[in-house]
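*Asks:* I'd like to ask you about the structure that follows.
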């Protein structure tokens with residue numbers, strides 16, 4: 001089968017369905033692909049194709065995730081759907097499937113349920129920037145007042161977690177009826193697609209963000225100076241520009257005097273490229289793996305942050321026993337491990353393998369970080385958990 005050429009003409013946006021079990025996330029995913037394929041072209045995906053989600057590994061954690069793609073006239077979407085609640089938790093925390101926006105599915109027959117709340121909270125913690133609500137199964141509710149009530153509850157819940165509950169689009173539909181080809185419900189899927197286009201802003205591309213390169217290796221080249229190597233995470237570095245070396249030690253300024261890739265000299269290094277950057281006036285021993293090279297002032301070193309963490313179960317190769325408040329594992333950021341201590345939420349005495357939990361982490365060395373940075377929790381090089389920086393404290 002020949003691969004279709006990927007058309008780069010339209011903006012690309014990553015979305016996903018979230019919400020309580022059996023509220024119709026997967027049916028909606030199937031309905032979106034089917035109705036949009038019928039309306040705008042593209043290929044439909046059946047419910048069972050999406051439901052049999054393949055296993056993936058992200059940061060050593062196995063996650064079942066389905067990826068589908070669809071197009072509106074304005075955009076190309078990559079959409080992620082997970083079969084089980086645990087898969088959502090893992091997916092959102094590891095950032096395996098980053099979402100520029102999420103479709104929160106709430107069954108009109110049930111209203112918001114515990115996982116509805118948990119997914120909204122997770123979305124807030126891990127930095128899902130926009131939510132759109134699809135009220136599903138509206139064909140099964142005759143009472144207009146009941147629909148109003150459910151909508152109000154969902155909006156209040158979103159506002160509780162700092163989403164703009166009053167402004168978020170709420171579409172009342174029926175994924176199943178749309179999938180079965182009933183025109184009035186198909187129209188609701190088109191309405192949803194319209195909101196995906198208009199309500200979720202086009203994401204900023206990695207190349208347009210401020211320059212950052214996690215340092216993997218440091219060499220000294222006689223007569224030329226010190227070279228650091230790594231993959232540019234975002235932005236562009238040009239020869240002659242000032243850069244900062246951030247993390248672990250005090251922040252130091254330098255100038256990029258050369259960029260090379262595969263032994264060839266370039267005038268810049270761009271997001272996604274593996275490059276060597278030559279630094280002026282820096283000694284080999286002043287710099288180490290785990291620091292980052294960044295645009296001056298764009299990122300700061302921190303030691304303390306609030307995080308959302310998933311602890312691997314025994315079956316996933318994680319711990320066999322719970323841990324308690326004196327726990328001191330390593331936190332692996334980008335290219336290096338840093339030891340840290342943890343503070344558990346009030347009333348939580350221990351954390352079991354397979355749990356997800358909010359915790360405050362204090363590191364023994366500062367690391368360059370922003371909200372949304374992902375990390376692994378390790379014990380002697382073995383991954384036992386995954387986390388995301390929800391909020392930098394100090």
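Each residue, glycine too, has its Cβ placed from N, Cα and C.
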*Asks:* State the residue range annotated as region 'G2' by Swiss-Prot; the candidates are 55-59, 60-64, 65-69, 70-74.
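*Replies:* Comparing 55-59, 60-64, 65-69, 70-74 with Swiss-Prot, region 'G2' matches 60-64.
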*Asks:* Have a look at 132-135, 136-139, 140-143 and point to the one annotated region 'G4' in Swiss-Prot.
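*Replies:* It is 136-139 that Swiss-Prot annotates as region 'G4'.
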*Asks:* Scan 81-84, 85-88, 89-92, 93-96 against Swiss-Prot and say which stretch is down as region 'G3'.
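*Replies:* My reading of Swiss-Prot: the region 'G3' range is 81-84.
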*Asks:* I'm validating the feature mapping. Which of 3-10, 11-18, 19-26 is tagged region 'G1' in Swiss-Prot?
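*Replies:* The listed stretch tagged region 'G1' in Swiss-Prot is 19-26.
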*Asks:* For the region 'G2' (60-64), name the stretch out of 19-26, 81-84, 136-139 with the most CB-CB pairs under 8 Å.
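*Replies:* It is 81-84 that shares the most Cβ pairs under 8 Å with the region 'G2' (60-64).
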*Asks:* Please state whether DSSP places residue 19 (GTP binding site) in a helix, a strand or coil.
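*Replies:* The three-state answer is strand.
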*Asks:* How many of the residues that make up the region 'G4' (136-139) does DSSP mark as helix, as strand and as coil?
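*Replies:* The composition, in the requested order, is 2 helix, 1 strand, 1 coil.
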*Asks:* Counting by DSSP, what is the helix, strand and coil composition of the region 'G2' (60-64)?
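*Replies:* Split into helix, strand and coil, the region 'G2' (60-64) gives 0 helix, 4 strand, 1 coil.
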*Asks:* C-alpha of residue 85 (GTP binding site) to C-alpha of residue 26 (Mg(2+) binding site): distance in Å?
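*Replies:* Residue 85 (GTP binding site) and residue 26 (Mg(2+) binding site) have their Cα atoms 13 Å apart.
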